[in-house]
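Notes follow the structure.
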Amino acid sequence: MIILPAIDIKQGKCVRLYQGRFEKSSVVAESPALTAKSFENDGAKYIHVVDLDGALEGEIINLDAVKSIVQVTSVPIELGGGIRNIKVVEKLINIGVKRIILGTAALKDKEFTREAIKEYGKSIAVGIDAKDGYVAVNGWLNVSKINYIEFAKIMEDMGTEDIILTDISKDGTLKGPNFDMLKKLQENVNCNITASGGIKDLDDLIKLKEMNIYGAIVGKAIYSEKINLKEAIAVIEKR
């Protein structure tokens, strides 16, 4: 299992949200690039980056911050937030982003999603952000009427191999991930599943590893020092 430390960027700085609410954001670090470098030094094999302003605006806003992360680290990064057309995907791949996460666009623009998966294959992941079991879009502000499993199956049929599942109610709470949701998703699709939201300690990571989850995104637990990234990576790699 891969542990992906998270960098959420708002107005050029690293922030953490609480249950996906933008008004409840707090700055945890001034420099996304320096934060990424520290994650690399701790042994991170992949870094999860979200352009929060982009998620709201529907276009990449913090491109300079993303570029700076790519320039200072050799660790591959995945990026989500506001990626809505193939030209942006191409641009991001060209500047060195390893994996692109489609969220709102995957739900609202099937033609673009199909084109992106066909063109870039393994470089495209689908982010499913769920609230009470239903897919949320537009920076989590709107909840659709599509069940997360139903949506995951559609995305798998379209050819995606990677799904990132976030339970919005758990995000930033340090109350543990939604293991039941993850298990149900595992039972219904054959994609690589990355867990996001609520991971609070090493025990959560061990349980996810035992479930054969592909990846675990950890944000607040690292910033609040509930999880030591270096130690966690070492423990998970040995299991």
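Backbone N, Cα and C define each Cβ position, glycine as well.
If you check Swiss-Prot, you get these features:
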type	residues	note
ACT_SITE	Asp8	active site, proton acceptor
ACT_SITE	Asp129	active site, proton donor
I'm trying to understand the geometry here, so how far is the Cα atom of Asp129 (active site, proton donor) from the Cα atom of Asp8 (active site, proton acceptor), in Å to the nearest whole number? 15
Test of understanding: give the count of other CB atoms lying within 10 angstroms of the CB of the residue listed as 'active site, proton donor'. 26
What is the total of other Cβ atoms whose distance to the Cβ of Asp8 (active site, proton acceptor) is within 10 Å? 25
